[in-house]
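The feature region 'Required for proximal axon localization, axon formation and migration' is assigned by Swiss-Prot to 1-166. The annotation zinc finger is assigned in Swiss-Prot to 33-59, 172-231, 222-263. According to Swiss-Prot, the feature region 'Disordered' maps to 67-98. Per Swiss-Prot, compositional bias 'Low complexity' is recorded for 73-89. According to Swiss-Prot, the Zn(2+) binding site annotation covers Cys227, His230, Cys249, His255, on the basis of sequence analysis. Positions annotated as coiled coil by Swiss-Prot, on the basis of sequence analysis: 294-400. Positions annotated as domain 'COS' by Swiss-Prot: 370-427. Among the features that Swiss-Prot reports, domain 'B30.2/SPRY' is placed at 513-747.
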Amino acid sequence: MAEGEDMQTFTSIMDALVRISTSMKNMEKELLCPVCQEMYKQPLVLPCTHNVCQACAREVLGQQGYIGHGGDPSSEPTSPASTPSTRSPRLSRRTLPKPDRLDRLLKSGFGTYPGRKRGALHPQTILFPCPACQGDVELGERGLSGLFRNLTLERVVERYRQSVSVGGAILCQLCKPPPLEATKGCSECRATFCNECFKLFHPWGTQKAQHEPTLPTLSFRPKGLMCPDHKEEVTHYCKTCQRLVCQLCRVRRTHSGHKITPVLSAYQALKDKLTKSLAYILGNQDTVQTQICELEETIRHTEVSGQQAKEEVSQLVRGLGAVLEEKRSSLLQAIEECQQERLSRLSAQIHEHQSLLDGSGLVGYAQEVLKETDQPCFVQAAKQLHNRIARATEALQTFRPAASSSFRHCQLDVGREMKLLTELNFLRVPEAPVIDTQRTFAYDQIFLCWRLPPHSPPAWHYTVEFRRTDVPAQPGPTRWQRREEVRGTSALLENPDTGSVYVLRVRGCNKAGYGEYSEDVHLHTPPAPVLHFFLDGRWGASRERLAISKDQRAVRSIPGLPLLLAAERLLTGCHLSVDVVLGDVAVTQGRSYWACAVDPASYLVKVGVGLESKLQESFQGAPDVISPRYDPDSGHDSGAEDAAVEALPPFAFLTIGMGKILLGSGASSNAGLTGRDGPAASCTVPLPPRLGICLDYERGRVSFLDAVSFRGLLECPLDCSGPVCPAFCFIGGGAVQLQEPVGTKPERKVTIGGFAKLD
């Protein structure tokens, strides 16, 4: 029974030792110098927070041409950047240099370099090529002497060496052979001792008796970090410079205005952060292992995908080669046919010329015919022969080869193809689309339009994302509503919430993947549901002076000849007429919104609403007036009625003339341009591209807005005791265009439903 327990205890101890050994071996890569790939020896902390051995740093600076900036390796150190090398106690003690001589040595070694004069106005900045971050790090003028030693890293390296070394006990350096195992160390004496030797070399009552014993070690370090500038113990930490400083550094102008905290506070804060971070990592080991498995799977997928990409490229290039080979064969066949045709013609021409030689062919036959003495027979035979001889004579006099020997017409121009082949490269993802803000707007629905930048790779389809910005943010990442595989360069968002702000963005996709998102565009939706109506010119509209479009969404006032003829009857004044157009839909409840565009060249146009009964009563057969101050809105904007009347006005209009909006001096209740004591001072604002009218039937209020930015222009009270309809008044020439609902546009769009997939 006891043997079983002992075996179990031994097994657990061995398992613990194996785990410790494995952990230390896995940690070894953190203790290797990036230059020499060996354990750190007197590591220095670079400004980039990476570490490097002092000897390696000195060697690297020497290779870079910075001579004299690495310190004197034979001198005894007096700064954190240099420390005494391990010295055997049996060797004779080296004479320490005097402090003043050492100071001069350090200044000469660390403060000058070839090519610089002492006291130069612009000292050289030493750059150290950090092997870890692959960048140049500024060391300042002092070089390595301005760096701190990483004593903590030294201690970790020492503990690691002791843990992995088998039978590597540290021996007493003062014992006679054979030495005993050391039990103490002395940083002042820089030696290790057994118990007897420590008592012998630290006798009671002497100054050495005050030396504090440490654990035995082969590498002795300073007790603490010293300021490289003032040789004082560092006591504070500068958060701005992220550097340890002493009391003297703290009051220097270099750290003026910096956030400086005691080392104890910085120590506690960093220790707490490191402890929490380490605890989080240790508490999520399963997550780490899962991510490692995911990365390994990604590596395998990368290998497979890379091989597939290679095969695909090879197949495509082979396809190009096959097309080129087929084209080469067809071109060579065309050249061959042309060559044979030319050779045939030239051979026939040679045969004809050979027949002209003496005694052969045509010439020989002609010579024999000339021997004929019978005249009728000669005439019969010589007639046809003479024609052939005449043609041969003409060909002989105007000799020219029957075919050209040049094949210049068969030259290939492959410049464009060579350029295409040279520029042949992997397909890139589409660039970020550019949203067309001139065509993108929100009305009854949201219409989004975009385009790709010039020279952008094509996009097969797009992804449109949108969300409301005026809702409380939910914890976690921002959630977007998404519509994928959108064809074309426009999209339609149906049923948006009224009085909201939407942010939208687009990105393209092709075979190479998804591109970058476009810049976000913010759109304000109308404050109320959009009212759909058409223009009705049956009430108060003169067909001679008003022209309504076929779709009944636009109207133009044309004064024309009838107005001029009517004006001839008047001896004085300016003859004007008021024409009105109403909407064919009346509002009896709720809130409604619509928008229109007024021609900036209009003389005087009034846009607004009114009680349907009052509008028909006032404008049916409306008389011509002789004053431009005549106003049909029962007091609004004109001062025609007593302002003291408490009853709500039946009309509310916004006056537009010559590209300006005429407003009164009141605040939000700019219902008219006159006050109780007389005409009020009026002001004008520029006419926006579109005007919006929002009617709140229950509250009896109507608001006029800039339909682009939804900035309020005017708010008026209104009598809503009956049906209220839109109204447009014209004095002189002018034009109004109702904003067409997005859903009726003939342009091809992609509809995005109100319930889209969440990201």
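Cβ coordinates are placed from backbone N, Cα and C, and glycine is handled just like the others.
The structure, with features from Swiss-Prot marked on it.
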residue: Cys227; record: Zn(2+) binding site; Cβ within 10 Å: 19
residue: His230; record: Zn(2+) binding site; Cβ within 10 Å: 14
residue: Cys249; record: Zn(2+) binding site; Cβ within 10 Å: 22
residue: His255; record: Zn(2+) binding site; Cβ within 10 Å: 17
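Taking the mean position of the Cβ atoms of Cys227, His230, Cys249, His255 as the Zn(2+) site, the remaining same-chain residues with a Cβ inside 8 Å of that point are Asp229, Glu232, Val234, Val245, Cys246, Gln247, Leu248, Arg250, Arg252. According to its DSSP assignment, Cys227 (Zn(2+) binding site) is coil. Taken as a whole, the domain 'COS' (370-427) shows an average pLDDT of 82 in this prediction.
Taken residue by residue, the zinc finger (222-263) breaks down under DSSP into 8 helix, 11 strand, 23 coil.
Sorting the zinc finger (33-59) by DSSP state (H, G, I as helix; E, B as strand; all else coil) yields 6 helix, 7 strand, 14 coil.
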